[in-house]
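K.L.:
Dropping a structure here in structure tokens format, bear with me for questions.
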Amino acid sequence: MFTRLMLFATKVHTGSRGLGASILTDQTRTESNPYIPPDSPQLSVYLAEHDYAVQWARANRDLVAHRVKECLLPTSESDQSGEPQPSDLCKIVDVTHNSATPHSLIVDNELKNLWLHRKGAAPSTGITPCPGSRGHFSWLLEPTGDGQYNG
């Protein structure tokens, strides 16, 4: 007996469709590189807007992936062929590459609570895909280190 295995992999790359840029524009209207003190009420407002943009980008990726999945494997209630269905496919990884997140790091032998800003860089935990450009291989990488010096 043979089992037919079908594997589909797709990379979906979309962001907040301008929402993040509009938040940045609002923040930099009066100063090109504003500093928001940690105890400022403005920080919680900014972080709520930031998190909303990250959620919006995730929703965009989910929608695009869903539409691609439906095109590859259209749903059919009457299909009894044993072929894979869209519901058989699932998300493997979803990371954002533009974020600001709190981290505790040791700086000069002192534990400090800091903000890590990733612009065009995604955090990795465990095996992480590193997509190649068109015509080149993609790689599965596993990070090393403790994250202290290689954040």
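Note that Cβ sites are derived from N, Cα and C of the backbone, with glycine treated the same way.
No curator has checked TrEMBL annotations; they are predicted automatically.
When I checked TrEMBL for this same protein, it listed these features:
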BINDING   His13, His97  Mn(2+) binding site
BINDING   His97, Asn98  GMP binding site
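Context for these features, please: burial, neighbours, distances.
P.N.:
Around the Cβ of Asn98 (GMP binding site), 18 further Cβ atoms fall within 10 Å across all displayed protein chains.
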K.L.:
Other Cβ atoms within 10 Å is the metric here; tell me which of the binding-site residues His13, His97 scores highest.
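P.N.:
Of His13, His97, the one with the most crowded Cβ is His97.
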